[in-house]
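Worksheet for the structure shown next.
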C-alpha cells in the first residue's frame, strides 16, 4: 500500500479502538434485527413446531397419519417468507427463470379449500388453504430444493424419503428441512435441507399453504359475482395458464414437468365442484366453527402440466350428451340452461371430438368433458383437460343471436379448444418459447373442422378475414418478433404472458397452412399423426415436429423439396417479419426482400438481411401451375413471362397460402387491372381479395404508387362479393380519413367515385335487410363485412342508407322487441343518435341502464357519442364521471367522444374543468390516451407544443418525453397521410 494522502481525516489509536467497538456493537444489533426481520425471508428450524393449523384443510389422501410441522401464516397477499428484492442473497439458481433439473415431479396429491360461502361475497377477496404432497424423483445430488410459489404463505414443509418402490409404509424417513425462504423475483420457494437427496431416489414433498382469492382477477383462483334467477350469486374458477398455478399451490410450474394429479376440493354444500377428472367420491367435515363442508375427490389425471389443472365451484345447471362413450356436459347459469342457450354448443361438441379423433387416429383419453360458461372470462376460453372454461358470450346462444356471427364464433372457439386436447394437452411444448406448436396448430385446425361440417364454407376467404389480414398488418421486419424464440432470450416471467399474441396464434396458423399447402394435406396429416403418437403424454420441441415431417417426406417420392423441412421452416419461425415477393412479368425475374413499414429508399440503413425459402404456388391465365421455390434473394422463372396479349396474366401465391405479400412490375399490375375490368370473374374471389389488400398495403409502405392500388378499384361496379368490398373499404375509407376534417377536397370526389360503384352491392344487401334478413344467418362473410359496407354508404351520404337507418332505429325505439339486425346495429344506433334529439339519446341511456350484457352496453356507449349537439356530449361526459349509470371505465366514454367529429373539442374543454376528478380516479395514463386521440390531426411542431402546453400541468415528468415522441410520430404519420391524400385527390379528379 502506498503512503497516505496529505489530505484526510485522522484519529488517534484510542479513538480508533472506540470507533471499532461501536461499529461491532452496531453490526451485532443489525444482525439481531435482521434475524428477527428474517422471519419474512427465512424460517429457521427452531421456529417449526408441531400441531394443526386452525381451520386448515385436512391432509391429502394418504397423509392423515401424522401432522406436518407448521408456523403461523401471514394474512397478507405478500407471502410469508418472501425475500423481497431489497434483501441481499448470494447469486444462485433462484436468479434463473428456469428451474434447475434436480427434481422431476411424478405425482401431486392436491387439496384446496376456498372459503366461498353463499351470500358472503361483499369482500374483494376470500381466503383459501391447501395441502400438496408432491412425489419427485431426484436426478442430481442436492441439499436444496426449488419449486414455484407466488403469493402463498407456506405454513409447513416436510420432505420424506427416500420412498420405497413398493406400497407406502410407516418406515419412510424424513429429510430435515433447515430453512424455507422465497426468491420473489423468479417466484421460487427454496427449501434448504439438512441432508442430501440422492440421485435415482424418490421423495415426497409435503407442504401446507394458504392464500387469497381475488374477485375478477382471473389469474390462478378467482371468484365472480353474477345474477341468476333474479339473485346475486358467486362462483369460483381457475386460470393456471401460463404461470398462475404457482399462485394456487407450490409446484414445478413448467410445461415439460408433467405429472399425474389427485385433486380434492373442499367446498360449501350448496355448491358443486368440478375438476379435470370425474368425481370419485364425497364426504363431509366440520370446520372449527362447526360449519359443515363437502369434500369432493376426483379420479387421477393423465400425465399433464400444471397449467392444465382446473377447478370450478359453482351453483350451476348442465345439459349433457354422450359421444363414443364419453360424457359431455355444458354447465351454465340456471337461467341459461333453462332457456336452451347451451343447446347449439352441446350439439356440435361431440362431433368435433369425433372428427379430430378420426383425423389423427388417436382417441380422446379422458372419460368425460365438462365445459363451463363463466359470466365473464377475460381469456375467452381455456382448454384445460377435461374442464374447458369459456366466457359465456362465446359459448351460449341467445334468442336474438340468430342473425349474427355467433354460431360461427362458437364453432371456431370450440374447435380451437378441442384441438388443444391433442396439440397442447396430449403433446405439450417443452417450454413457452415454442407455444406456437399448440396455439398455431389449434388455430389452423379451426378451419378444417368447420369446413368438414360445412363443405360450402369458404375456407380461404374466411382464413384471410379472420387470421391472415390481421397478422400481415402487424408483422414487419425489425420491430415484430419471431414465432419461435430462443429460451435464453427470456429473463422474466412476465415475458411469457406476452407470447399470447397475433404472432403465436395468427402467424403460427398461417405457417401451418403454408406447410400444408406445399406438402399437400395427406403428407401434412401423416406427419402430424406420427408426431402426436410419438410424443403423447410427453413434450416436444419445434425440431421434433420438423423431424417427423422430414420422415414422412423421405418416405414418398412425389413431393420434392429444395432443402430439408427444418431448413425451410426455421427461416419462417426464427425470423421476424415476412418477405415481399416481386415478379417482373416481362423477364420472369423474381426477388424477395423483407417487408418494412414505410420502406426507405436507402435500404442499407436497415439491418434485416435475412432471406426465406419461399414456396411459390401460382396461376397463369386462370390455370394452376406447378410449385416453384424462391430459395435465394432472386431467381429467373422464364415460365412466368407474359406476352403482349390482353389475356395473358400471372398471379402468385395461390389461395394466399404463402405467408408473404406479392408485388409485380408495372406491366404485371396493368395486366391484372385490365383483366378485372374485362372479366373479373376469371380471377378467383380469393385473388381479387389478395390483389386489393396487397396493393394498398404495398402502396402505404412505399413499395408501389398509390395510383397502382386505386387503378384496381375501377372495376368495382361489377364486384358482387362483399368480402372483396370489405377489403377495399377498410383500406380506402380508413378511420384517419373519416375523422380528418381537412379532407374536404377529397370527400366529394370519393363520394361520387364510390357511390357509382357501390350502388349495386348496396341494393343487393339492403333488399335482404328489408325483406329477408334471416337469409344472412349462414353467410358468415356477409355478417363480417356488412357493417363496413353499411357504415361507408351512410358516411358517403347515400340517402337509401340513411333512410334505412332511420326506419330501423324508429321501429326499434317504438317496439324494442324488434331487434336491429346485429351486423349493422352499431351503425344504425349511431345515425339514430346523430340525426335525433335528446329524446333519442335519453332512450339509449335508459336502454343502457337496463342491459347486463357487456357487448350491448359497449354498443350503446359508442352510439351515445355520435350526437352532434355539444350540450348533449358535455352532459354525457358529466354523467361518465359523476353519475351512477356508468359502472365501467368512464375514460372509455371520453375516448369514444373524443374520436367523434364534434366531441374532440368538447373533451378538450371538459378536461380543463374536470381533470382533477378524472385524474384522481384513473391517473395520468388515461390522459395520455386522450391526448393521442385529440392529437390525431396535428401536422406541425407548433401544434405539438400547443397540445403539450395544454396538458403540461396534468402530465407527470417521466411522461412528457414519451408523449412528445408519440405526438411526433402522429405528426409524421399525418404529414404522410396528407401527401397520400393529395395524390388520391388528384387521381380521383382524373377518374371521377
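Placed from the backbone N, Cα and C atoms, the Cβ positions cover glycine too.
For reference, Swiss-Prot has these:
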ACT_SITE  417  active site, proton acceptor
ACT_SITE  505  active site, proton donor
BINDING   416, 420, 439  Zn(2+) binding site
CARBOHYD  133  N-linked glycosylation site
CARBOHYD  262  N-linked glycosylation site
CARBOHYD  289  N-linked glycosylation site
CARBOHYD  361  N-linked glycosylation site
CARBOHYD  489  N-linked glycosylation site
CARBOHYD  584  N-linked glycosylation site
CARBOHYD  602  N-linked glycosylation site
CARBOHYD  609  N-linked glycosylation site
CARBOHYD  655  N-linked glycosylation site
CARBOHYD  811  N-linked glycosylation site
CARBOHYD  850  N-linked glycosylation site
CARBOHYD  889  N-linked glycosylation site
REGION    48-92  region 'Disordered'
SITE      505  site 'Transition state stabilizer'
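Features as recorded by Swiss-Prot, highlighted on the structure.
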residue	record	DSSP (3 states)
133	N-linked glycosylation site	strand
361	N-linked glycosylation site	coil
416	Zn(2+) binding site	helix
489	N-linked glycosylation site	helix
505	active site, proton donor	helix
584	N-linked glycosylation site	strand
655	N-linked glycosylation site	helix
811	N-linked glycosylation site	helix
850	N-linked glycosylation site	helix
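Around the Cβ of residue 133 (N-linked glycosylation site), a 10 Å sphere holds 23 further Cβ atoms from the protein chains shown.
The Cβ of residue 505 (active site, proton donor) lies under 8 Å from the Cβ of 439, 440, 443, 467, each of these being in the same chain and 6 or more residues away along the sequence. In space, 420 is the closest of the recorded positions 416, 417, 420 to residue 489 (N-linked glycosylation site), judged by Cα positions. The shortest Cα-Cα distance between residue 289 (N-linked glycosylation site) and any of the recorded positions 133, 361, 420 is the one to 133. Secondary structure at residue 439 (Zn(2+) binding site), taken from DSSP and collapsed to helix, strand or coil, is helix. Here the candidates are the recorded positions 416, 417, 420, and by Cα distance the one nearest residue 584 (N-linked glycosylation site) turns out to be 416. For the glycosylation sites 584, 811, the largest tally of other C-beta atoms within 10 A is found at 584. For the pair residue 420 (Zn(2+) binding site) and residue 361 (N-linked glycosylation site), the Cα-Cα distance reads 15 Å. Using the Cβ center of 416, 420, 439 for Zn(2+), the list of other same-chain residues with Cβ within 8 Å runs, in sequence order, 383, 417, 419, 423, 424, 438, 441, 442, 443, 505. The Cβ of residue 850 (N-linked glycosylation site) lies under 8 Å from no Cβ of any same-chain residue at least six residues away in sequence. The recorded positions shown are 133, 361, 416, 417, 811; of these, the one with its CA atom nearest the CA of residue 655 (N-linked glycosylation site) is 416. Comparing C-alpha positions, residue 133 (N-linked glycosylation site) sits nearest to 262 among the recorded positions 262, 361, 416, 417, 811. DSSP assigns residue 289 (N-linked glycosylation site) to coil in the three-state reduction, placing it in neither a helix nor a strand.
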